[in-house]
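Database features, via Swiss-Prot:
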- 32-137: domain 'Ig-like V-type' (DOMAIN)
- 149-248: domain 'Ig-like C1-type 1' (DOMAIN)
- 255-343: domain 'Ig-like C1-type 2' (DOMAIN)
- N54: N-linked glycosylation site (CARBOHYD)
- N92: N-linked glycosylation site (CARBOHYD)
- N168: N-linked glycosylation site (CARBOHYD)
- N180: N-linked glycosylation site (CARBOHYD)
- N205: N-linked glycosylation site (CARBOHYD)
- N209: N-linked glycosylation site (CARBOHYD)
- N246: N-linked glycosylation site (CARBOHYD)
- N271: N-linked glycosylation site (CARBOHYD)
- N293: N-linked glycosylation site (CARBOHYD)
- N302: N-linked glycosylation site (CARBOHYD)
- N312: N-linked glycosylation site (CARBOHYD)
- N367: N-linked glycosylation site (CARBOHYD)
- Y440: phosphotyrosine (MOD_RES)
- Y464: phosphotyrosine (MOD_RES)
- Y481: phosphotyrosine (MOD_RES)
- Y505: phosphotyrosine (MOD_RES)
- 440-443: motif 'SH2-binding' (MOTIF)
- 450-455: motif 'SH3-binding' (MOTIF)
- 464-467: motif 'SH2-binding' (MOTIF)
- 481-484: motif 'SH2-binding' (MOTIF)
- 505-508: motif 'SH2-binding' (MOTIF)
- 1-31: signal peptide (SIGNAL)
- 32-373: topological domain 'Extracellular' (TOPO_DOM)
- 374-394: transmembrane segment (TRANSMEM)
Amino acid sequence: MEPAGPAPGRLGPLLLCLLLSASCFCTGATGKELKVTQPEKSVSVAAGDSTVLNCTLTSLLPVGPIRWYRGVGPSRLLIYSFAGEYVPRIRNVSDTTKRNNMDFSIRISNVTPADAGIYYCVKFQKGSSEPDTEIQSGGGTEVYVLAKPSPPEVSGPADRGIPDQKVNFTCKSHGFSPRNITLKWFKDGQELHPLETTVNPSGKNVSYNISSTVRVVLNSMDVNSKVICEVAHITLDRSPLRGIANLSNFIRVSPTVKVTQQSPTSMNQVNLTCRAERFYPEDLQLIWLENGNVSRNDTPKNLTKNTDGTYNYTSLFLVNSSAHREDVVFTCQVKHDQQPAITRNHTVLGFAHSSDQGSMQTFPDNNATHNWNVFIGVGVACALLVVLLMAALYLLRIKQKKAKGSTSSTRLHEPEKNAREITQVQSLIQDTNDINDITYADLNLPKEKKPAPRAPEPNNHTEYASIETGKVPRPEDTLTYADLDMVHLSRAQPAPKPEPSFSEYASVQVQRK
């Protein structure tokens, strides 16, 4: 006997209970309506740091995965899914394996400018035979990567410029984010106005580059000057970056060359000096040429540095005047920083000319008029000395003539006075008791016919005269001799008179027998 089945009247209530039970189970499982929430609209992070992108759900149904994307549309990039795969630098914040976990936030480490963009948290429904279907997406979180700009690099012209030349300098920096940035130029503390400044790209990008150009007018005092490019950005905390260009690497100051003569060390030697002043850089070569032929080659090593950064160099060249019979042209040739040579010439008179003039003279081909001023001054001084010497000699001559006129003893100018002179001499001889008495007489002899000129003879003469005196009371005759010693003849200078008179002095020694 078969068991009896449920009565048909009881089947309806049973099905109703099953449907109610299923409805209650579904309501408890889903809880709330599905909603994907990304609380932050944007976050900023410095390059190299970490950031967290938050995402929460209100329900896990329908069943399906949750994924993170950067960007929207077909070109969006999958960043992370919670399927257990390994993704460098990205991790989930919560443990998604726990029952009823609703937190699907992620952490990005070591952020780079390439990580900038808008990130979306997306809920999918798993399909049985078809691909998963996107159900809902969060509002998106934009990540701003604060990337510091690279240190500015300043570049200048390839070749050195000269004073008063205009040269351009360029400053570049890259890899910064966000796009806003400030760039300024300075020279020796004074701000310069740039010719052009550009930031690329013009639209949105993960990082940006900046380039700026400025024009500088060089001058000879710029050897120690600097051109500075200053970059300010939000990531630098009010400490701008600077790029520096030393103008000493971009300027050339040519030397001023002078050739001068120093005081001679002897009558046959002259020092020539070649000075190269205020030049930069220190690359210098100096060559001495003699009549166009190389005489000496200098490679300076010990240069004198000026306070403005330029250099000086002095080269000495000793000239032996006795070795040159003709005029010689000496050339100082200066080659600086592989530029055309600068030459200065200096002409030196030969030994034949200099011996006639008493000293060696030089004539610089460059403007050396100060040497002539020295010569003129010396000449005037010498002329004054000559005039003074002539005046002194003239006064001395007059005094000598007056002295001769005052010391002259008795002068006899007429021939008939000779007899009286003889009588006076005889009287003097008779009155003399000492045989060695010396008598001085001024004999002005009568003028006779002018003798022919003859060669000068010594002034000291010794003459002997025999003088016979008159009879004396004694029986024997007395013979007296006179020794005329040290006769000095003094002739006067020619005068307007026809013939000048002259006087003779004699020393008479009388010997009595």
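Including glycine, each Cβ sits where the backbone N, Cα and C put it.
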Residue with minimal Cβ packing [other Cβ atoms within 10 Å] among the glycosylation sites N168, N209: N168
List of residues, in chain order, with Cβ under 8 A from that of N293 (N-linked glycosylation site) and at least 6 apart: none
Those residues of the chain, 6+ apart, with a Cβ under 8 Å from that of N312 (N-linked glycosylation site): R275, A276, E277, R278, F279, L303, T304, N306
Nearest-integer angstrom distance between the alpha carbons (Cα) of N205 (N-linked glycosylation site) and N92 (N-linked glycosylation site): 27
C-alpha spacing of N168 (N-linked glycosylation site) relative to N246 (N-linked glycosylation site), in angstrom: 13
DSSP residue counts for the domain 'Ig-like C1-type 1' (149-248), split into helix, strand and coil: 8 helix, 53 strand, 39 coil
Candidate glycosylation sites N180, N209, N271, N302, pick with smallest Cα gap to N54 (N-linked glycosylation site): N180
Nearest recorded site to N271 (N-linked glycosylation site) by CA-CA distance, among glycosylation sites N168, N180, N209, N302: N302
Spatial neighbours, same chain, of N180 (N-linked glycosylation site) - Cβ under 8 Å, 6+ residues apart: H233, I234
